[in-house]
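Undergrad: Please read through the structure below; I'll follow up with questions.
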Amino acid sequence: MADYNTLYHQGLYLSPDQQDLLLAALSSNQPPQKQQNDKQRSQAKTDPDSTPGNMSSGSFSMSPGFNKTHPGSGGLGYGDDESPFLDFNPELDFDFPGSENLIGDLPGSLPSEEHEVGEKRKDMSDNENEESGKKRRESDDKAAKKPGRKPLTSEPTSKRKAQNRAAQRAFRERKEKHLKDLETKVDELQKASDDANQENGLLRAQVERLQVELREYRKRLSWLTTGSGISAMSAIPSAHSRNLYGLNNNDFMFDFPKFGDLPGGHIFNGPLTKSNQNKPRDGSSPATSDSQVPGVMTRETLNGSNNRGMPTAKAANGVSNNPSPKVPSVYNIRQSASSHDSSNSCSPSSSSDSHQSQMLSSNGTSPEPSSNSPATKLNDSVQNHHACTYSTIDAVRGKSESVSNTPSQPNNNYEQTPGPGLDLLAQQNGGQFDPVLFGDWREPQDAILSQDFGTFFDDAFPLPDLGSPSHNFNEVANPQPPKKDLIAEIDNKLDEEVVPGEDKSQMLSCTKIWDRLQSMEKFRNGEIDVDNLCSELRTKARCSEGGVVVNQKDVEDIMGRVK
């Protein structure tokens with residue numbers, strides 16, 4: 001039995017050709033061969049009772065009969081005597097699993113199988129990548145999923161979201177409220193700015209209007225100061241509407257004198273009657289006293305008839321009861337001149353016109369000499385009976401009276417006692433007639449100019465009153481006083497752009513008045529009518545170089561009434 005086993009083992013070996021084919025197949029497909037060797041090893045381990053055909057090529061051993069070194073092994077040794085298949089079972093199958101891979105394939109089929117092997121390799125690598133990705137995911141999932149009960153995180157997240165929404169809602173509300181407040185503030189500031197701009201526009205227009213008026217008044221003042229003495233009153237706009245009747249042939253104009261300064265005192269006849277009673281016939285010249293000078297009026301002369309009483313009927317008839325001599329009055333001289341000239345062709349209108357033009361000629365404004373004044377012409381009228389010179393209104397009245405007299409009446413009736421004049425009015429009113437009361441009336445032109453312009457013309461043009469002693473008698477003897485430089489004074493006043501004649505320390509500005517008003521307790525309590533107070537202060541306000549000011553006395557009076 002031992003010999004059979006040894007012979008069996010020696011007969012189960014490959015020939016050299018078979019070995020070459022086996023090596024070629026193994027070398028051409030080495031990686032699959034390794035896998036197959038691994039499989040064979042695993043099968044050999046799992047199945048130890050397998051046949052020798054199942055042995056791996058790594059454990060291949062040459063049989064003793066195949067080895068040439070041994071004697072008797074020159075051939076295969078498959079002789080009739082040495083056949084190993086004497087007791088061989090013919091039903092033995094030599095095809096074990098995987099035996100087709102032990103022998104190399106044909107050359108024509110190698111590329112296709114190599115391509116298939118490449119695809120298999122690619123598929124295997126892909127499968128390995130997919131399996132590795134799955135394993136990584138499974139490992140990540142296992143790392144994330146820790147054992148134990150998971151906490152409930154749904155409630156805190158919802159609560160946090162609700163808090164965030166509430167905070168955002170509150171922030172939006174605050175932002176909208178802030179924007180609304182800013183819009184209201186902008187509207188209020190815009191309205192205040194519009195009101196301030198409107199008020200500034202009104203104030204600016206008022207200031208411009210005041211400046212225009214100031215320039216207009218300065219122009220008028222410059223016209224008055226730069227114009228000549230003759231045409232000074234022509235600068236006033238309404239002066240042309242004040243032309244007197246009968247002066248159209250004379251360019252000279254003058255402001256109508258006051259009632260108490262009317263020329264021609266013989267109209268009132270007071271001085272003449274008084275001089276007839278007090279002066280002898282051989283007295284001195286009429287210029288010795290004011291009571292003898294015609295044109296000078298006093299309170300005593302106006303009321304002289306009250307002291308003396310009414311003239312008697314005999315005096316009215318031309319018979320004088322006073323034996324004292326009388327001075328020839330200007331009235332009688334004029335009456336005689338008018339009686340001698342009654343036959344001339346001089347009409348009352350022309351005589352009154354010439355009389356008025358002669359009365360307007362005064363010292364310094366008329367080209368004629370002083371000898372041609374009405375006072376000297378009165379003396380000339382005694383000698384020249386044919387001259388039509390009527391210096392007063394009494395001349396016209398005397399002429400009309402002389403014409404109306406009958407031839408049977410003597411002419412010396414007018415030489416004895418003159419007419420009562422205005423003394424009759426004083427007697428009718430019970431002695432209460434006072435012409436000075438009518439001197440306060442002025443022309444409407446004074447409302448345009450300031451109150452100081454009334455004295456301005458008296459100082460700028462010092463013309464003596466018509467009928468005054470200085471005009472009639474002293475115009476040659478007395479020299480004129482030096483005139484004031486009123487133009488320089490006016491220029492100085494115009495340069496000072498401040499409130500004239502006002503003490504700056506006594507003036508209160510608007511801020512000071514407001515501070516004083518805020519210090520009052522009634523103002524803080526709201527008990528003071530601010531509108532009424534402002535209207536009263538506005539009436540007392542004045543303009544100055546520093547703004548609107550109010551006199552301190554006026555402010556104290558208004559504040560005192562409020563308290």
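Placed from the backbone N, Cα and C atoms, the Cβ positions cover glycine too.
Keep in mind the model is a prediction, meaning the values are calculated, not measured.
Features from Swiss-Prot:
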type	residues	note
REGION	23-179	region 'Disordered'
COMPBIAS	36-48	compositional bias 'Basic and acidic residues'
COMPBIAS	52-67	compositional bias 'Low complexity'
COMPBIAS	79-94	compositional bias 'Acidic residues'
COMPBIAS	112-144	compositional bias 'Basic and acidic residues'
DOMAIN	154-217	domain 'bZIP'
COMPBIAS	170-179	compositional bias 'Basic and acidic residues'
REGION	182-189	region 'Leucine-zipper'
REGION	267-380	region 'Disordered'
COMPBIAS	300-309	compositional bias 'Polar residues'
COMPBIAS	336-362	compositional bias 'Low complexity'
COMPBIAS	363-380	compositional bias 'Polar residues'
REGION	377-459	region 'Transcription activation 2'
REGION	394-420	region 'Disordered'
COMPBIAS	401-416	compositional bias 'Polar residues'
REGION	510-543	region 'c-CRD'
Undergrad: For the region 'c-CRD' (510-543), give me same-chain residues lying six or more residues beyond its boundaries with a C-beta closer than 8 angstroms to one of its C-beta atoms, as numbers and ranges.
TA: 210, 499, 502, 549-551, 554-555, 558-559, 562-563
Undergrad: Please count the residues of the region 'c-CRD' (510-543) that DSSP assigns to helix (H, G, I), strand (E, B) and coil.
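TA: Split into helix, strand and coil, the region 'c-CRD' (510-543) gives 25 helix, 3 strand, 6 coil.
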Undergrad: Kindly report the helix/strand/coil residue split of the domain 'bZIP' (154-217) according to DSSP, in that order.
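TA: Its residues fall into 64 helix, 0 strand, 0 coil.
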Undergrad: Mind looking up the mean pLDDT for the region 'c-CRD' (510-543) in the predicted model?
TA: 84
